[in-house]
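According to TrEMBL, the L-histidine binding site annotation covers Asp130, Leu131, Thr132, Arg157, Gln173, Asp177, Arg326, Tyr330, Tyr331. Among the features that TrEMBL reports, coiled coil is placed at 390-417. What TrEMBL records for 3-59 is domain 'WHEP-TRS'. Annotation comment: TrEMBL describes 61-393 as domain 'Aminoacyl-transfer RNA synthetases class-II family profile'.
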Amino acid sequence: MADRAALEDLVRVQGERVRGLKQQKASAEQIEEEVAKLLKLKAQLGPDEGKPKFVLKTPKGTRDYSPRQMAVREKVFDVIISCFKRHGAEVIDTPVFELKETLTGKYGEDSKLIYDLKDQGGELLSLRYDLTVPFARYLAMNKLTNIKRYHIAKVYRRDNPAMTRGRYREFYQCDFDIAGQFDPMIPDAECLKIMCEILSSLQIGDFLVKVNDRRILDGMFAVCGVPDSKFRTICSSVDKLDKVSWEEVKNEMVGEKGLAPEVADRIGDYVQQHGGVSLVEQLLQDPKLSQNKQALEGLGDLKLLFEYLTLFGIVDKISFDLSLARGLDYYTGVIYEAVLLQPPARAGEEPLGVGSVAAGGRYDGLVGMFDPKGRKVPCVGLSIGVERIFSIVEQRLEALEEKVRTTETQVLVASAQKKLLEERLKLVSELWDAGIKAELLYKKNPKLLNQLQYCEEAGIPLVAIIGEQELKDGVIKLRSVASREEVDVRREDLVEEIKRRTSQPLCIC
C-alpha cells in the first residue's frame with residue numbers, strides 16, 4: 001500500500017512537470033520525453049480496482065465559465081441591464097420549471113425541444129423553454145394588465161448544440177417586454193430602439209434589424225392560395241430562408257408539406273423582397289395583397305412604425321424583410337430580428353448576415369390563453385441573444401490578446417518588512433469598512449517583490465505599503481503599479497486618495 005502511495009506521488013509530481021512545461025511552451029521534444037515518463041509511471045501504477053471511475057465533463061450543450069469568461073459576461077449584462085433600466089423597466093423572476101401544460105402548444109414545431117421532467121408528486125413539469133410564456137402566465141395569474149419588465153435568466157432547449165456559434169442546451173435570455181393597451185406602434189418602436197442601443201453599445205460589429213408582420217405573412221399566404229391548415233407549417237419553412245436557399249425551402253414546402261408548386265412560386269415572388277418604407281407603400285398598392293384585410297392592417301402599422309423609427313434616428317438600421325417569419329406560434333403582429341453583418345467579399349456586393357443576435361415581436365393573444373375569462377393583454381417585447389454575443393466578444397478578446405481583469409480590487413495592502421501582519425490586517429479591515437475593494441497576501445512575511453508581482457498579474461492598480469518608518473510617521477506609502485511612482489499619504493487621507501485614483505470605471509473589454 002505504501003509503495004502504491006509513493007508511486008501515486010511520483011505520478012502527481014510528473015503530471016505537474018508536464019503541465020508546467022506546456023504552460024512555459026517548452027519544445028515538443030522535451031514535452032514528449034516527460035509525457036513518456038509519465039505514461040511509464042502510470043503503467044507501473046496499474047488499474048485501481050477499488051476506485052470509482054468518473055467521467056469529468058459537463059453535459060452535452062452546457063459549459064463551465066472561467067473567471068475571465070464571467071468577467072466578460074458581467075460586462076455584457078451591465079450594458080444590457082443599464083439600457084433596460086434607462087427605459088423604465090422593472091425586474092421580475094419566475095421558476096426555472098413550469099407546469100407542462102403551461103408550455104404545451106405555444107412553440108409550434110419547436111415544442112419537441114422542451115425538456116420534460118419526471119413526475120414529481122403528481123405534477124407534470126417541464127423546464128422553461130423561454131421567458132415569454134412564463135411572463136404571460138405571470139400576468140394572467142396576478143391579473144396584471146400593465147407592466148414594463150425585464151427578466152434575465154437561464155432557459156433550456158433539447159437542441160443540437162453548436163457551441164462555437166453560441167448555441168447551447170442551457171443558456172441565458174435577456175428579455176424586455178411592454179404589456180398593456182397603448183396606441184399603435186409606440187411601444188413596438190421603443191423595443192426596436194432598445195435593441196439598436198444595446199447592439200451599438202456592445203460594439204460587436206455592424207448589424208441590421210429585419211422587420212415583418214405576422215398579419216402580412218398570413219395575408220400573403222391567403223392570397224397565394226395556402227390552405228388555412230398549412231399556415232403555421234409553411235411559416236416555419238419560410239423562417240429558414242436566412243439559412244438555406246429559396247429552392248431548398250420550396251422543395252420542403254412542396255415535397256414534405258404537400259403544397260402545390262404554383263402556390264410555392266407565388267410565395268417566392270413575395271418573400272424574396274426586402275427594403276424600407278417604399279416597399280411598404282409598394283405593397284399597399286399590390287392588387288392582391290391590398291385586398292386582404294389582415295395584410296392591409298399589418299402594412300398600415302408598419303408604415304406608422306417606420307415614421308416613429310425615423311424620429312428615433314434608427315431607420316437606417318431597419319429592413320422590411322418579407323422572408324422573416326419567426327417560427328413561434330404566439331406572435332400576432334410586428335416581428336423583428338437583428339443580424340450581424342459580415343463585410344461584403346467584393347465591392348458592390350451586399351453585406352452578409354452572419355447570425356441572429358436579438359429578436360422579438362408582438363404577441364397580443366398569449367396572456368388570454370392563460371386567463372380563465374380569456375381577457376387579452378397586448379404585449380410586445382424583445383430578447384437579446386447573449387450567448388452568441390458572449391462568443392463574439394470572447395473571440396475578439398482572444399484575437400486581440402487583450403488582458404481581462406477578473407477582479408475589481410483597487411488596492412493590495414503590502415508590507416516592506418517582516419513581522420507586520422497585524423498592521424496589514426488592521427489596515428485592510430479599515431479599507432473594507434470604508435467600502436474599498438482591497439486584498440492582502442495570506443502569508444505572515446511575504447516578500448515585497450512577490451506582493452508587487454501579484455498586483456501586476458491581477459491588474460490591481462495600487463499598493464498600500466506599510467513599513468516601520470511609515471508607522472512612526474503616521475503615513476502609508478501608496479504606489480502606482482503602472483508608473484511605479486510612490487507617494488506618502490497620511491493614514492486618515494488614504495481612503496479618499498484611493499477613491500480619487502480609482503474613480504474611473506474598471507474596463508474589462
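Just so you know, the numbers here start at 1 and follow the chain as drawn.
Keep in mind that glycine also has a Cβ here, set from the backbone N, Cα and C atoms.
Overlay of TrEMBL feature records on the structure.
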{"residue": "Asp130", "record": "L-histidine binding site", "Cβ within 10 Å": "19"}
{"residue": "Thr132", "record": "L-histidine binding site", "Cβ within 10 Å": "26"}
{"residue": "Gln173", "record": "L-histidine binding site", "Cβ within 10 Å": "19"}
{"residue": "Arg326", "record": "L-histidine binding site", "Cβ within 10 Å": "22"}
{"residue": "Tyr331", "record": "L-histidine binding site", "Cβ within 10 Å": "25"}
Over the domain 'Aminoacyl-transfer RNA synthetases class-II family profile' (61-393), what is the model's mean pLDDT?
90
